Every structure is written in structure tokens, then in C-alpha cells.
Amino acid sequence: MDPLSIAAGVIAVATIAAQVSNILAEIRNDWDALPGRIHALNNEIQDFKAVLHQVAIAVEEKRVSAQDGHAAPTFLTQIARGKTALLDLKTILERLLSASPKKRDVIPRVLMWRREQRRVVLLQEEIKQVKSSMNILLGASNSRDMTQVRLQLEELSLKFSGSTELSCADLKVPNSKFVHMLLEQHYTTMSELLSHKYSVVDQRLERVEALLQNQAAQMHAAQALQAGRLYNTSAPPARRRPVRTVSPSSASRIQAGSDSIRLRLRQTRKTCQAACRCSCHSVLDKKTPAFMDGLLGQLFVGFSGWPLLSAKCDSAACTGQRTSSVSLEYWFPLGICWSQIVRFSLAYEANVGPSLQLNTLRRVPDSSLCVSFALEGNIDGLKSLFNRGLASPRDVSSTRGYSLLRWALYGQQYETCKFLMAAGADPTYRPIAKSDDSPSDKAVDIILRGRIPQEVVEILRLVSEGSDFIERQNFSRIHRIVLGLCCGDLEEELRLHPRSVDCVDSTGRTALQWAAARGDERAVITLLSWGADPNNMDEKLNTPLTLTANQNQTACVRLLLEAGALPDPELPPGIKFGSPLNCAARNARDPMLMKSLLDFNANIEASGVDGVTPLLHVARGNSAVHAMLLLEYGADINATSKNGQTPLTTAIQYNNHPVLRLLLERWFEYTECPRLTGPNLLEKVAQYADVKTIMLLTAAEHLRVSKDSSYVLEHYNKILEERIDFSNKLGAAFEDLLSVLRMEAAHHRSHVFDSRMESGLLNPLDRYLDCSDADTDSSDLAFEDAKESLSPTTNEGSEPG
């Protein structure tokens with residue numbers, strides 16, 4: 001095989017990609033308005049060109065060569081696929097460009113675009129698949145370089161060990177000059193090789209960071225050009241809430257509200273430590289089928305340490321003496337017996353004796369106000385609900401079994417955590433799923449992940465007080481080195497104990513998972529070079545990629561993806577769990593983290609048990625840049641969670657103005673008007689919307705399209721007036737919105753097109769082609785009909801003066 005085959009193929013495909021980009025630029029200059037799919041396609045082509053550039057660099061540095069028995073044929077196959085797709089795409093775009101030489105001839109162009117639309121989408125998806133495959137191959141070549149350096153170290157170490165033993169045996173003089181000379185030579189060689197490895201690590205990190213910076217610059221420039229005034233990188237108000245230092249009075253108040261402790265001195269017996277992993281101590285859980293919930297409620301049973309019920313001892317170090325416990329938890333159906341949760345637990349410990357506990361909690365829907373306030377950090381709202389008896393710190397949501405304190409941790413609302421602890425929240429209550437931790441254990445987990453402000457650490461310590469999370473983990477030495485719990489060199493530890501690279505703690509986490517969660521890029525590269533598994537899944541269903549995506553560690557995400565980490569981990573049958581993209585959409589501030597996952601073909605509609613997709617997470621707590629990125633990659637703008645939330649209602653509920661504006665500007669992408677699906681939208685407005693949110697909705701034309709007499713608009717006025725933040729300004733803004741909805745549809749119909757065009761919410765192309773006559777396939781394509789007005793136009797579609 002010709003060594004220049006890959007380089008020649010890359011040059012040929014890059015040339016065609018550049019030609020396609022030029023045609024897209026001509027279309028942009030020639031057309032008054034562009035379909036949003038064209039923008040997404042142009043960005044895809046730019047990304048593909050960047051990947052081709054990386055392949056060319058890899059060939060030049062001989063990290064990829066035609067002699068490679070596996071990589072070379074695969075690269076050539078992907079290059080051929082990309083070339084075919086680009087040529088077909090070029091043909092279609094040339095037809096579009098030459099469809100009509102006059103800008104006034106709008107209808108022929110629109111009709112041609114709708115004919116070619118499906119084919120363009122398929123070709124874009126093909127290019128995306130080729131790009132994803134090339135990214136994986138490039139990552140494999142990068143990881144192979146680090147592995148080769150590590151093998152050189154091992155080989156040198158083995159040679160040295162063998163030569164030293166032979167020399168000492170032959171000379172029988174351990175302190176001879178020859179041995180000292182050999183040791184010095186070995187030390188020098190090892191130092192040089194280690195220095196070389198560290199420089200390779202530095203080069204790898206520099207290459208990844210440079211790639212991410214270039215991609216970020218291109219993405220932001222493209223979005224700013226496409227969105228214009230809608231381009232906004234600011235986070236919603238819920239993400240800008242300050243975290244204050246815990247004062248001594250707050251700490252004493254929280255500690256005073258905790259359970260009292262009594263001490264009794266007695267003779268003790270030897271018992272197992274919390275980290276004992278013997279089968280006789282394992283907790284067994286059973287629950288009634290979910291379909292019985294609505295009729296009979298749910299019963300959860302858990303027990304451990306009982307001789308007749310638990311498994312037999314399988315550990316020689318186990319003494320068989322540890323707390324025996326059984327717990328029963330019954331959830332009444334929602335709306336029955338005040339939706340109570342009754343908990344009963346019985347435990348026996350050799351040194352203490354029996355203990356009995358009975359308490360009650362309250363079950364609430366996931367859509368309840370108290371859950372929303374905990375998620376967004378609305379402390380005043382929670383205070384109002386508590387004072388009026390409409391909620392309590394011991395409320396538990398239905399789907400996940402999260403307490404309000406656990407929801408506040410989930411939403412990273414640490415100031416709210418401090419308030420809930422002072423209000424009497426129970427930090428030890430565990431959610432339903434085995435993959436979830438109690439708030440106290442989760443707080444320790446967050447602290448161990450590091451890179452959080454000291455103010456947050458102080459709050460988390462109050463939440464985690466009394467937790468034995470660290471003692472139960474049974475950390476190995478390699479775990480402790482990565483976590484900074486002991487001193488030591490990671491490279492040296494791996495050289496001495498290479499089999500410990502995938503050693504797991506009590507929750508099934510490897511050192512790589514902790515390094516990824518902490519954002520320690522050097523430790524991640526080192527562990528991967530020693531063969532660490534990038535797809536190890538712990539007992540809580542987290543992989544290294546899930547943990548690092550949740551912690552906003554963009555470079556680590558890229559390193560793991562290149563090492564073969566699955567963007568959508570394989571879950572056990574019947575299990576729903578948030579993917580790395582879900583975690584990134586919820587917590588990552590850097591949109592490049594999400595883009596890296598999407599470039600490696602992550603499922604854009606992945607959801608957890610609550611049915612919340614990445615776009616719904618972004619609508620709650622991230623910027624319009626994140627939302628534009630997901631829409632560009634084909635996210636469903638009408639995705640609905642299990643509790644009926646859509647991206648639009650979520651943006652309203654959390655007053656995410658940049659994302660709300662973006663969604664309202666794309667209103668014609670909805671398969672049906674959101675307001676016509678039920679009273680949900682107005683109810684969300686009355687319960688949560690601020691003045692600016694209401695003004696944005698009032699200006700949106702799609703709310704005026706039809707009148708539904710089944711709405712009792714005065715009902716929502718009452719809901720609004722019951723809010724703690726109600727004001728005359730808020731009431732006036734809401735009244736303006738209701739007046740819009742009261743307008744007669746027939747009166748509005750005659751002015752609908754002109755008003756939409758004046759408000760910028762309708763493109764002039766829609767004047768000539770009604771959506772009801774559109775190709776039936778188009779309604780299934782997300783973000784395909786979003787159009788950008790490049791310049792102001794008159795009603796006749798004439799050019800600007």
C-alpha cells in the first residue's frame with residue numbers, strides 16, 4: 001500500500017469540503033433568508049475540515065501510516081465515505097444556487113429546498129458519522145503513543161532487574177563499583193525516559209487544549225453570525241446565585257437541629273468495619289411492582305445481616321459481627337392519606353443492642369412547587385411554602401424518591417442546602433434507586449471530586465456530618481494517591497503494581513473514575529497509558545466519562561473519548577440512567593464539552609428515569625449557546641418529560657430568558673402550538689414567570705393564532721396573586737398577556753403575517769408557502785425550518801434599499 005494514500009485522500013476530501021463551503025457562502029450572499037438546516041450543515045462541514053486537518057497532522061507525525069494493518073484501511077474507508085457524501089452534497093447545493101438567478105423568485109427556491117431537504121439531512125448525517133469515526137481513530141492513535149512509552153519503561157525496568165540479579169550473583173559483591181555504576185546508568189536512563197514521557201503528556205494536553213480552543217472559536221463565531229441578537233452566553237438567574245460563607249451562628253443552628261446523641265460505656269466485642277465487603281453484610285432490596293403504585297401504593301423492603309435471610313459469609317477477614325437491620329417503607333398513593341410515606345426500621349448491633357425507628361415523610365409530584373424551588377435555589381419561595389404549611393423540609397418526590405435537600409444538591413444550589421439543613425431536612429434519607437446516594441454521602445462524594453470553592457466545602461461538611469462514606473469505600477493505595485489522601489507517585493505505584501490499575505473501591509470505582517471526576521488530566525493520561533478501562537461502570541452506573549462530564553472537565557472528556565470511552569454507556573436491561581450528555585447539559589458551563597460528546601455520536605435524546613432530555617436540562621439551567629448547539633445537532637424542540645415539561649415550559653418555569661427567546665423565535669418548528677396542548681403553559685406562567693418572561697411571551701405571535709374558550713383565564717390571575725413575589729408590575733404584565741389571548745382569532749388573522757414579520761418571528765418565505773402545504777417529512781426534522789433573516793425586507797420580498 002502506498003504510504004501517501006491517506007495523505008492524498010485527506011487532501012482530496014479537504015478540497016471538496018472547501019468547495020462545498022464556498023457554495024454555501026454564495027448561497028448565503030444570494031438568498032435573503034436561509035433555512036436553519038443550511039447553517040447546521042455549514043457548521044458540520046467546518047468541523048469535518050478540522051478533523052481532516054487533525055488526520056493530516058497525525059500522518060505527518062507518523063502516528064497514522066499506511067503500513068498500519070488496522071487503522072490505515074479504516075481511515076481510507078472513512079475518507080472514501082466522506083468524499084462520496086460531499087460530492088453528492090455539492091451537486092444538490094449547486095442546483096439550489098442555480099435554481100433562480102433573481103432574488104425575487106422566492107417560490108421556486110422554496111419548493112426546490114423542500115424537495116431536496118430530506119436528501120440534505122441524510123447526507124449531513126453521513127458526514128457526521130464519518131467525522132465521529134475519524135475522531136475515534138485519531139483518539140486510538142494518540143492513546144497508542146502513550147502506551148508505547150509505557151512499554152518502553154517496563155522493558156527497561158525488566159532488563160535492569162535481570163542484569164542486576166545476574167551481576168550480583170556472579171560477583172557476590174553487592175556493593176561493588178560495577179553495581180553502583182549500573183544503578184547510576186539505570187537512574188539516568190529512567191530519568192531521561194520519564195522526562196520524555198512527561199513531555200509526551202504535555203504535548204498531548206497542549207494538542208487537546210489547542211483543538212478545543214479552535215473549535216470553540218469557530219462555534220461561537222458561527223452562532224453569533226447565525227443568531228444575531230439572540231446570541232447570549234449568560235447563564236440563567238438560578239446559576240448566578242451567590243454562595244456565602246457559613247457563619248458560626250448558622251453552623252450552631254444547623255447542628256442544634258440535628259438528632260441528640262447519648263453515650264453509654266460498655267464492654268465491646270470485635271465487629272466488622274464498615275468497609276467489609278463480605279456477602280453476609282450485603283443489603284438486599286425488594287419492592288412491589290410499579291404498576292401497583294396508583295392503586296395500592298408502593299412497599300420497599302431492605303435487610304442485611306440476618307442469619308436466615310442473608311447470604312453466607314465468603315470472606316476470611318469477616319468476623320460475622322456487624323449491624324443487622326431491616327427496613328420497611330410504604331408509600332401511599334398520591335392523594336390518599338395525605339400522600340404519606342411511613343418508614344419503619346429495626347436494627348441490632350452487638351455492642352449497642354436493638355434500636356427501633358418510626359417516622360413519616362410526605363410524597364409530592366416531581367412538578368410540585370417545592371421541588372422547583374429547591375432546584376432553582378429559591379429560598380424565599382421555600383420559606384413561603386413552609387410557613388403556609390404547603391410543603392416541608394421532609395417532602396420526597398415521586399419519580400426518584402429525592403428529598404428537597406437531595407434536589408438542591410442535584411441542582412448545585414448549595415445556599416439552599418444550608419437553609420434546608422437549618423429547617424430540619426434529613427441528610428441521611430436515601431432515594432429509591434440503588435445508584436443514588438443519600439445527601440450526606442453525596443456531599444462527601446462532591447468534596448472528594450475537588451475543584452469547588454471553600455464556601456461550598458463548608459456547607460457540604462455540614463450536610464455530610466456523621467457520614468462514614470470514606471470509611472466504607474475501602475480505597476486502595478492507588479485510589480488514595482489519585483484522591484490526594486496519601487503521598488506517592490502514581491507512575492511509580494503503577495510500575496510496581498501494574499495490576500492495580502483497575503482495582504475498584506467498595507462502590508466499584510477505579511482510580512481512573514476518580515481522576516476523571518477530579519479533572520486530573522495528567523493522572524487520566526497516565527492511567528490510560530497503563531491500560532485502565534475507560535468504560536468501567538461502578539455500582540451507581542457511572543463511568544469515567546459520566547463523572548468527568550458531570551464535573552465540567554472538557555479536556556478529560558476529550559481524552560476519554562479518544563481512548564475509546566462510550567458516549568452512551570451500555571446499561572443493564574430495563575434501567576434508565578442519565579448519559580454523559582445529560583450530565584453535561586445539566587452542569588457543564590463549557591459548551592465544547594457537549595460538542596465533544598456530540599462529535600463522538602452521543603445520543604442527543606438520551607434521558608433518565610424522569611424522561612428529561614439534554615435540551616430540557618439546558619432550558620432549565622444553561623445558556624442559549626448550549627441550546628443552539630443541541631438544536632443544530634437535531635435535538636427535538638418538542639421533547640416532553642414524564643411530568644409533561646417541554647423545553648418551552650421549562651424555560652418559562654426557570655425564567656431562562658435567553659433560551660426562551662431562542663425557542664420563541666423558532667416557534668414555527670412546533671408540530672402544534674404549545675398553548676393548545678392544555679392549560680400547562682399559562683399555569684407555568686402564573687406560577688413562576690417574572691415580568692421579562694411574560695413580556696417575551698406577550699410579544700410572541702404563536703400565542704395569538706387560535707382562541708381556546710375552555711381556558712378560564714381568571715383562574716390564573718388567582719394563582720399569580722398568591723405568589724410571594726407578586727407586584728403590581730407583575731400583575732400588569734400578566735394582564736397584557738391575557739389580553740393577547742382574549743383577542744378574537746378572526747380579527748387577528750388578517751394582520752398575522754405583517755405583525756409576525758415586524759416582530760421578526762416570521763420569515764418572508766412563509767408568506768408564499770403555508771406550513772400546512774409543506775412536505776410531510778419536514779415536520780419530523782428538528783431545527784430544519786429555522787430561518788435567519790439576513791436583511792429587512794418589504795411585504796413584496798423586494799431587496800433592501
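Every residue gets a Cβ built from N, Cα and C, even glycine.
The average pLDDT computed over the domain 'Azaphilone pigments biosynthesis cluster protein L N-terminal' (1-61) stands at 77. According to TrEMBL, the feature domain 'Azaphilone pigments biosynthesis cluster protein L N-terminal' maps to 1-61.
Here TrEMBL flags 233-255 (among others) as region 'Disordered'.
Residues or ranges marked as compositional bias 'Low complexity' by TrEMBL: 244-253. For the compositional bias 'Low complexity' (244-253), same-chain residues at least 6 beyond its ends with a Cβ under 8 Å from one of its own Cβ atoms are 415, 418, 422, 454-455, 458-459, 462.
Beyond its flanks by at least six residues, the repeat 'ANK' (507-539) meets 143, 146-147, 149-150, 201, 204-205, 434-435, 448-451, 473, 476, 478-479, 481-483, 490-491, 494, 498, 501, 545, 547-548, 550-551, 553, 555-556, 559-560, 563-566, 569 of its own chain at Cβ-Cβ distances under 8 Å. Positions annotated as repeat 'ANK' by TrEMBL: 507-539 (among others).
Look at TrEMBL and you will find 610-642 (among others) tagged as repeat 'ANK'. Residues in the repeat 'ANK' (610-642) partition by DSSP class (helix H, G, I; strand E, B; coil) as 17 helix, 0 strand, 16 coil.
Residues or ranges marked as repeat 'ANK' by TrEMBL: 643-666 (among others).
The region 'Disordered' annotation in TrEMBL covers 782-801 (among others).
Annotation source TrEMBL lists compositional bias 'Polar residues' at 790-801.
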* Asked: Could you count the residues of the compositional bias 'Low complexity' (244-253) that DSSP puts in helix, in strand and in coil?
  -> 6 helix, 0 strand, 4 coil
